[in-house]
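First the structure, in the form of structure tokens, and then the observations on it.
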Amino acid sequence: MASVEVRSVRKSAALRPRGPGKLQPARSMPLDYRYSAAGGRKAANGVGARAAVAPEEEEEEGVEVGVVGFEGDADSPYSSQAATTEEVEEEGDGERGGGDAEVDSAAAATGARATAATTPRRQSPAGAGSPSQRDARWGDTSSYGARKKHRVFCQLPNSDWALCTVITTSGDDSVLKLPEGKVLRLKTESLEAANPEILDGVDDLMQLSYLSEPSVLYNLQYRYSQDLIYTKAGPVLVAVNPFKKVPLYGNEYIDAYRNKTKDSPHVYAIADSALREMKRDEVNQSIIISGESGAGKTETAKIAMQYLASLGGGGGIEYEILQTNPILEAFGNAKTLRNDNSSRFGKLIEIHFSTTGRICGAMIQTFLLEKSRVVQCAVGERSYHIFYQLCAGAPASLRDKLNMKKADEYKYLKQSCCYSIAGVDDAQMFRTVTEAMNIVHISKEDQDNVFTMVSAILWLGDVSFTVIDNENHVEIVVDEAAETVARLLGCSIEDLNLALSKRHMKVNNENIVQKLTLSQAIDTRDALAKSLYASLFEWLVEQINKSLSVGKRRTGRSISILDIYGFESFDRNSFEQFCINYANERLQQHFNRHLFKLEQEEYVEDGIDWAKVEFEDNQNCLNLFEKKPLGLLSLLDEESTFPNATDLTFANKLKQHLNNNSCFRGERGKAFAVRHYAGEVAYDTSGFLEKNRDLLHMDSIQFLAKCKSSLPQMFASKMLSQSDNPLPVPYRNSAADSQKLSVAMKFKGQLFQLMQRLESTTPHFIRCIKPNNLQLPAIYEQGLVLQQLKCCGVLEVVRISRSGYPTRMTHQKFARRYGFLLLEDVASQDPLSVSVAILHQFNILPEMYQVGYTKLFFRTGQIGKLEDTRNRTLHGILRVQSCFRGHQARRHARERIRGVLALQSFIRGENARKMYSSLARKHRAAIILQRNLKCWLARRYFVNIRKASVVIQSGIRGCLVRRCAGNVDLLNVLREFESKKEAEGDQILIKASFLAELQRRILKAEATVREKDEENEMLQQRLQQYENRWSEYEQKMKAMEEMWQKQMRSLQSSLSVAKKSLALDETPRMSDSSVDQSWESNGVHIGSASQLVPRTVGREMNASISVISRLAEEFEQRSQVFADDAKFLVEVKSGQADASLNPDMELRRLKQNFDSWKKDFGSRIRETKVILNKLGSGNESSPNSVKRKWWGRLNTSKFS
């Protein structure tokens, strides 16, 4: 029984601090604080999370009588924390002000049923909304609300709740006005009080003053109409599928939730919370997403993955993780009547993080792929997306290789008469899938093998059979389908026919070949197709896991995202719905355990005051499934081992053993019903045993092993490896012995492992809600939404979160985390004393927390205030630290700058000194080098001059020596002659005629020399003219060339004249000798002396002739060279020849060379002349006259 306290408060009374049992006038408080959960403190969003106490009906002027529920009153509809209001008439017109009207509208009647008894929740949702069966735990405030003419909810004939206003009340009836203006009369007890308008659309259901089914429905619908699809329900996020794109995602929102600039409910907020808790507590996290088919679970999972990838990315692996979604959706999703992209398998994505919070890998685990959809699907549905994507988007080369047809031409696909999805381009999706495969490192060869298997499965469905005898035995029809299947699988037609139309059996140790009937052959074909697709799907997941493997980067920190099928209830529910709903029962138990059981057990263990909240526990239903040996799964597994068992015998066995269970109800024929947490579901056992066995005969496995394609061989090898523990012997020989466990037991084991993994994590729950079955936006079906809310247990979660203590922390952790906020030192430093001191310092009201044996427990929002204070304090500390560090850094920077400048100046000075020293050394070295080079050049020039001088001197000395030697020889000859003459005493008589002849020759030679001298002068003048012409030649190249050639011709003619003159000179020499001979012939003997003189003169003449010959040869050679060079330069100047030179410059250089040679040649001629003159003056004989004659002729030929 809830405690009730009645107090009177006068308007003029002074305000007192608010506390338990104390009332405070609401009008005297600021509006933002009037609905606060804690007295004198502002609540989140300006709205209190607790209901307000309304005044009683009896009022006196200036006096208000109110009712307040004390802490711990579980039966109070206002969760034990009451706000107070004061109702005062305004002076003047007697009407309330706008702000006070809101306060009074928020204050619904609480005293009428303050002690309402709590009744257990009904088991079935049927009729849950009827007024007569309304849950009493919400409290009854309708009568007061009706009398006060407030807003209320009424239930319409179609079971929908409508928000209306009470016009008047009469007895037990109330007259209501609907928003559209319609007026109704209903029983007052059937009404539900509505929340004040200020609470419309709050983002957390815990903030509702009246927590009831219609208020929750209305709040979700209000937010849904404004595209606010996310709502908090305590620790659970409720996501309503908008069936359209809403502007709530993208990098802008990711940054906002990462930086905490947004705190509204969102998947990003849940993912951010999981990531922060993983880093802070070093505990693995899990995000469990549940809901029925079409509620948006898959999209929600992808959104959570995108946020984690954005925050934990950076290494590239996060992009690969996101690209697994198109692959898994293509091979694991299909269009159903309820959802265009329904996941036909469950998956758990475990994302691993490094110590720095970066994603380092992932692992994907899948559950219970719906294999039967490969070979059969209902009308209006589709098989798996990949079949249609391959048919529409395969490139021409791949299409020809696989012999692809259109989707409506395959038997497996055309039986549903549905080939496309509105707004979806299958061809584009196929390209997306192939790109995703490339990103997750599935090779091109493996992709081709995958698409080959997909095509082979489609063609396998087209394989037909023909009856061959009266017993309905069949063989395959060898047509395009059979040939294509054989080619794609890499087998022969005979092997394919043997695998599909015959079966090998072992009876009494004898092998028997059994021919199959038409139905058996079709079942075998379909079983092979289903097995191929399931194996292909498992292989794809393995390849993805290899690509995303963590390896050595594993850290033990991870966030798991569970996307599993939602609760399903159709007109006909088969084995798949049986397994799916069992999985949802197990997940609901996990949900209950964490939000209800564990929490309440923790309250009891820590010894805090706690009012137990009743919730519907589904443990009884789980026992119905899992109990041994008389549970649904055990009986199904047992019946599957009997070869003669049928679906009917299985149904009868269930009714025989389970009729006493409250969650089981047997029905006629093969049907039975199970009362799930979400409602009762009737199952049809037709096909249960076959689907549970899911057998592939050994012949089919051996057939796959014989195929040449790599994937079928791999699938067969894996199937054989699973046959270590086959089914019992009675069934092994007659069916496949490759099954280790039945499907149901294998699925149970997978769920058990999944639950173990989730139990080791901190869970975060997201409940996805489907607003309508038409999959259209802006349509909100209250009945459908309410059913899902009940299935998810959202209302119970809100109740337990409101009345409980959802936040808890150990004394040690609390003191360590917030102890630095204490302004004064605590006498006792134990964690409990420090924690209590912190609570007192921050004025945390006693009703907002409880102190347990080991932990502190807080109501919703209280720890957030401490966290805000802590964050602000830490921010301030960081600001102070940053300022101090900045000051220190600037001071150190200035000191370092000064030191750096001094060091730089020292370094620059040292470098300058080193550079100066180096430059000085280089300067001295350059001077020394220059001096040595000049000396070397001077020495070389001196040496060359000296060598030239030596050569010239040696030539002159040689000439002098040779001349003197001739005179000495002549003197010696004369002396010898005189001595002989004296000795012999003979005197030689020289004839006067001979002497006269000699004198005449000498005179003639002197005259010839004089003539030659005159010719030399004339030639000198002509040479001057040639020089003048040479300067003119520099100006006009062509004229110069002609003049040059003319000069060369002249020189050549002169040379020829000189040669002729030399030839004529031989005659006198010969005449001299002839004279001597004539003297001897006449008997005149001149003796030895007379013979020696002509010989000596002849040798001197021969030497002179050789010198002149050399000069003539040099003249010819040099004249030819100068003529050739001049001709070449003329050709270059006129463009007849190509050369990289300047012809004008070269011509000037040639002239200089010619002048130099001419001067040198003239000097040598003059020297030769001098020598010859000396020879002529020293001996006035015939030889001297001959030399002078040569000299004249040579000079004449040179300068002619």
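Each residue, glycine too, has its Cβ placed from N, Cα and C.
What TrEMBL says about this one:
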BINDING   Gly291, Glu292, Ser293, Gly294, Ala295, Gly296, Lys297, Thr298  ATP binding site
COILED    995-1043  coiled coil
COMPBIAS  37-54  compositional bias 'Low complexity'
COMPBIAS  104-119  compositional bias 'Low complexity'
DOMAIN    147-196  domain 'Myosin N-terminal SH3-like'
DOMAIN    200-871  domain 'Myosin motor'
REGION    1-141  region 'Disordered'
REGION    751-773  region 'Actin-binding'
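All features noted in TrEMBL, drawn onto the structure.
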{"residue": "Gly291", "record": "ATP binding site", "contacts (Cβ under 8 Å, 6+ apart)": "Ala239, Lys297, Gly566, Arg767, Cys768, Ile769, Lys770, Gln788, Cys792"}
{"residue": "Glu292", "record": "ATP binding site", "contacts (Cβ under 8 Å, 6+ apart)": "Arg338, Gly566, Phe567, Glu568, Lys770, Gln788, Cys791"}
{"residue": "Ser293", "record": "ATP binding site", "contacts (Cβ under 8 Å, 6+ apart)": "Thr336, Arg338, Asn339, Ser342, Tyr565, Gly566, Glu568, Lys770"}
{"residue": "Gly294", "record": "ATP binding site", "contacts (Cβ under 8 Å, 6+ apart)": "Asn241, Thr336, Arg338, Asn339, Ser342, Lys770, Asn773, Gln775"}
{"residue": "Ala295", "record": "ATP binding site", "contacts (Cβ under 8 Å, 6+ apart)": "Ala239, Asn241, Gly566, Cys768, Ile769, Lys770, Gln788"}
{"residue": "Gly296", "record": "ATP binding site", "contacts (Cβ under 8 Å, 6+ apart)": "Ala239, Asn241, Cys768, Lys770"}
{"residue": "Thr298", "record": "ATP binding site", "contacts (Cβ under 8 Å, 6+ apart)": "Glu329, Asn333, Asn341, Ser343, Asp563"}
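Those residues of the chain, other than Gly291, Glu292, Ser293, Gly294, Ala295, Gly296, Lys297, Thr298, with a C-beta within 8 angstroms of the mean position of the ATP site C-beta atoms are Asn241, Asn339, Ser342, Gly566, Cys768, Lys770.
Each residue in the region 'Actin-binding' (751-773) gets a DSSP state, and the totals come to 9 helix, 8 strand, 6 coil. Helix, strand and coil counts under DSSP for the domain 'Myosin N-terminal SH3-like' (147-196) come to 4 helix, 27 strand, 19 coil. In the three-state DSSP scheme, Lys297 (ATP binding site) is classed as helix. Averaged over the domain 'Myosin motor' (200-871), the predicted model has a pLDDT of 88. When other Cβ atoms within 10 Å of the Cβ of Lys297 (ATP binding site) are tallied across all protein chains shown, the result is 28.
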